[in-house]
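J.: Sharing a structure here in structure tokens format.
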Amino acid sequence: MVKICCIGAGYVGGPTMAVIALKCPSIEVAVVDISVPRITAWNSDQLPIYEPGLDEVVKQCRGKNLFFSTDVERHVLEADIIFVSVNTPTKTRGLGAGKAADLTYWECAARMIADVSKSNKIVVEKSTVPVKTAEAIEKILTHNSKGIKFQILSNPEFLAEGTAIKDLFNPDRVLIGGRETPDGQKAIKALKDVYAHWVPEERIICSNLWSAELSKLAANAFLAQRISSVNAMSALCEATGADVSEVSHAIGTDTRIGSKFLNSSVGFGGSCFQKDILNLVYICECNGLTEVASYWKQVIKVNDYQKSRFVNRVVSSMFNTVSGKKIAVLGFAFKKDTGDTRETPAIDVCKGLLGDKARLSIYDPQVTEEQIQRDLSMNKFDWDHPVHLQPMSPASVKEVSVVWDAYDATKDAHGLCILTEWDEFKTLDFERIFANMQKPAFVFDGRNVVDAEKLREIGFIVYSIGKPLDSWLKDMPAVA
């Protein structure tokens, strides 16, 4: 029986391995992590991450051919194929700080694999890593190999949170990069055979190592670029009276462009987009490609501009001050159908409003109070380290209350900001909300989920990103 071990039981490792176990009943899959609470959660009825469909997959396989364990070394020793899915945070100090990926956890994993292995292994990069990481890992493994052969493969994940299980069941493509040597090609075939249990062969793309590593960074950079492009257009739409939804629809019907990733919003978030672009920027700078680096840097600049523009719009609309005013924040996750708050635009928007002394009442159906308080009190990039290495007890932000009901959040509020596109926000009783808010009552829709005209009929002053401005707002420019 082929044995697979995955080091790292997070958003990538857990769901990916659960689906491999489900689709390959003849393969034994172990997911290992040094975090006892995380592994305990994976072995319980309350999984550590929320992802539609994940519960069912885990329950079907757990204890049969899917195991979650803290006994990292035993499972690495026994495995034929080892996936490494550990954190690769952005460095916060030293060479490349603020841009380069910190490969500390990856290097620790590689040294441990070399240390405990007694048979040949295929080691698979699953974390998003900078180009040429495989080369560095290869050197660590071969210099500590004691005669054991290691083959390094790059198998980047292309999952979208909220649809990860669907993406794993029916991927657009599976990319496997390896060495162009007989042993390298053999390793590629071994991993290809795993995926071939359920993925059509034409969707399994094989390449060299560097192409596979760069493809992941490039894919995320291209997706983020589309969001920043449409968000840049949203600012122009507001200035000219155009409607960004109509513009998006018009350009999305061009088959060369396509309609995906053309929804204007308060900004992109998630664990990968910003991190991967910063990484790409750093690699370009290291290779002397200054113009290329500044091109990709602009994607992040526009994203930051969009968030600050939203905050400025809120403050300027409400008589240029939100000091002491209750503002309801609906949605904190970076997008619907996930509890993930990593790099969510809600953090910067909330911090911007708190900087103007607002009182915030936050509701998100999937994000806990502890997580929200942690996010609002942590420094940038701290989130990307394992929990036990994050600040122990972040001071709670006293001007923030977290509630479990949208109506509670909006009661007595002066303004309401929608920052995540949860479906339930479309069907709220806005007449009830209006009756319980301070007047004038403002709605700032950062995801374009509400019917602005209906809300105006109720009596709200409404701001929707990239839409023609409410007459109230026209004389109050929101310029960052």
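Cβ atoms here come from the backbone N, Cα and C positions, even for glycine.
Found this in TrEMBL, in case it helps:
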ACT_SITE  Cys272  active site, nucleophile
BINDING   8-13, Asp33, Arg38, 86-90, 127-128, Glu161, 272-275, Arg342  NAD(+) binding site
DOMAIN    328-452  domain 'UDP-glucose/GDP-mannose dehydrogenase C-terminal'
J.: Given the model, what does the mean pLDDT over the domain 'UDP-glucose/GDP-mannose dehydrogenase C-terminal' (328-452) come out as?
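T.: That region's mean pLDDT is 90.
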J.: How many Å separate the Cα atoms of Asn87 (NAD(+) binding site) and Cys272 (active site, nucleophile)?
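T.: Pair distance, Cα basis, whole Å: 11 Å.
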J.: Pull the DSSP breakdown for the domain 'UDP-glucose/GDP-mannose dehydrogenase C-terminal' (328-452) and write it out as helix, strand, coil residue counts.
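T.: Secondary-structure composition of the domain 'UDP-glucose/GDP-mannose dehydrogenase C-terminal' (328-452): 43 helix, 19 strand, 63 coil.
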J.: Please identify which of Asn87, Thr90, Gln274 has the densest Cβ environment, defined as other Cβ atoms within 10 Å, among these binding-site residues.
T.: Gln274
J.: What's the number of neighbouring CB atoms sitting within 10 A of the CB on Glu161 (NAD(+) binding site)?
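T.: The answer is 24 other Cβ atoms.
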J.: Return the residues near Asp33 (NAD(+) binding site), defined as same-chain residues 6+ apart in sequence whose C-beta is under 8 angstroms from its C-beta, sorted by sequence, else 'none'.
T.: Ile7, Gly8, Ala9, Gly10, Gly13, Ile39, Phe68, Thr70, Val72
J.: Rounded to a whole angstrom, what is the C-alpha distance between Cys272 (active site, nucleophile) and Tyr11 (NAD(+) binding site)?
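T.: Distance between the two Cα atoms comes out at 12 Å.
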J.: Around Cys272 (active site, nucleophile), how many other C-beta atoms are within 10 angstroms of its C-beta?
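T.: So the Cβ neighbour count for Cys272 (active site, nucleophile) comes to 27.
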J.: Using Cβ atoms only, which residues of the same chain lie under 8 Å from Tyr11 (NAD(+) binding site) while being at least 6 residues apart in sequence?
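T.: Sequence-distant Cβ neighbours: Ile49, Glu51, Leu159, Glu161, Ala164, Ser271, Asp340.
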J.: Tell me the Cβ neighbour count for Gly8 (NAD(+) binding site), meaning other Cβ atoms within 10 Å of its Cβ, over all protein chains shown.
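T.: Excluding its own Cβ, the number within 10 Å is 26.
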